[in-house]
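Have a look at the structure below before the remarks.
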């Protein structure tokens, strides 16, 4: 059942029935709120019998004892108080949400003895609850035998904390982050028959309501600009491509923007170099990079970030009809460099190279960061727990690595070098679009590097993290929204005036 939380922050609250969630750190004698919900003092014995010690994400769920104003009590562990991070508070909120699926109302006692609970921690806890509750089920006509399509469960949650004012302020900000993550998840989860390039562009245009300037380049306009690489990918589909440019002008007029570029292949059959049938349905998510960029632009605008930012997404469909490009074709990119197409399933880099060149040529950004579900090779190297980071700039790379650690959207830096560059030299053109099996994610990044000049640039290969990654306390969705929180943290920590 779709679930939504309505939050209230309060310094004190006496439950009138419902569930009470009491947080406790490892080693503490008692949890938060015990004086309110356990007047008879039975919780210590229950915790002992249930072997609950406050270990991170551990829980004990009991019927409320006689005399309690609550109907149900959930003890939830926070772990080591000294080591708590923002991500830990998110996970704790997600764990609480998972326990409250059958609840109608709940009281969360946040101020566990032994831990300094800030307003940001309270807000992160609430965001974690929302992230856990996200579900994409709009195409299910019935969720269960006794449930109509329109049913949505609303759980009223009171979060009890001494930092009410700070929590409310922080939650207003983190809610915008949640909205951006959910937008990215929605876009990745949407089926390709519903979300083509034109429809995706229309979704991006809705950001104008938040003050984002949005323009959409048509196929004709891209032809005039000479985007032969991007258009070559699109020519096998009856659905026309689009290039969407989103601008958020929250900084000083003279400041150069920070640029984010996303691969938006709304469905990838592989083209003439067609993919195997098994698992091909997941290629509706091959626009995870574009989804993350769109979600990020939503966040920056919604929270009125004091930065100038540009988001550019190249939207195409890679199909194998009679007009599709062939292995051996040579296309001319916007940069004037020619590319021999060895494998039509190495199409994302063809989309990105024109988008990167266009961005650099038009906006002269202070830095460019692209996101793409680019290679299966990165999944071989890193599985789906880290995204690959490639960069020509150590400072930018370190900023991204730190942001990844903070948000737990983790990155692992991969190499670039002349040796890899030689692997994409072509006998017939300036370069070829794949260097073969060995070092596949590296040669893909090396290809993109040829289109960024000397601008500080980073490439995030999110093929293993944007979709189908393992579920956890804050993500129960196939499409994860990976990259939105990471890049918002990057902006917040390094680029806002």
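Cβ atoms here come from the backbone N, Cα and C positions, even for glycine.
Positions annotated as Mn(2+) 2 binding site by Swiss-Prot: 263, 268, 286, 347. Under the DSSP three-state reduction, residue 268 (Mn(2+) 2 binding site) is assigned to strand. Its Cβ taken as reference, residue 268 (Mn(2+) 2 binding site) is surrounded by 26 other Cβ atoms within 10 Å in the chains shown.
The Mn(2+) 1 binding site annotation in Swiss-Prot covers 268, 345, 347 and is backed by sequence analysis.
Sequence annotations record features per position, and here Swiss-Prot assigns active site to 275 (among others). Around the Cβ of residue 275 (active site), the number of neighbouring Cβ atoms within 10 Å comes to 16.
In the three-state DSSP scheme, residue 349 (active site) falls into the helix class. The C-beta environment of residue 349 (active site), restricted to residues of the same chain at least 6 apart in sequence and closer than 8 Å, consists of 372, 374, 433, 444, 447, 448. Feature annotation from Swiss-Prot assigns active site to 349 (among others).
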Integer Å distance between the CA atoms belonging to residue 263 (Mn(2+) 2 binding site) and residue 345 (Mn(2+) 1 binding site):
14
Spatially closest candidate among 263, 268, 347, the listed binding-site residues, to residue 275 (active site) (Cα to Cα):
268
Compile a sequence-ordered list of residues in the same chain as residue 286 (Mn(2+) 2 binding site), six or more apart from it, whose Cβ lies below 8 A from its Cβ; state 'none' when nothing qualifies.
263, 265, 266, 267, 268, 318, 348, 373
8 Å Cβ shell about 263, 268, 286, 347 centroid, Mn(2+) 2 site members excluded:
233, 264, 265, 283, 287, 316, 318, 348, 351, 372, 373, 374
Can you name the residues of this chain that are 6 or more positions from residue 347 (Mn(2+) 2 binding site) yet have a C-beta less than 8 Å from its C-beta?
233, 265, 268, 271, 316, 318, 433
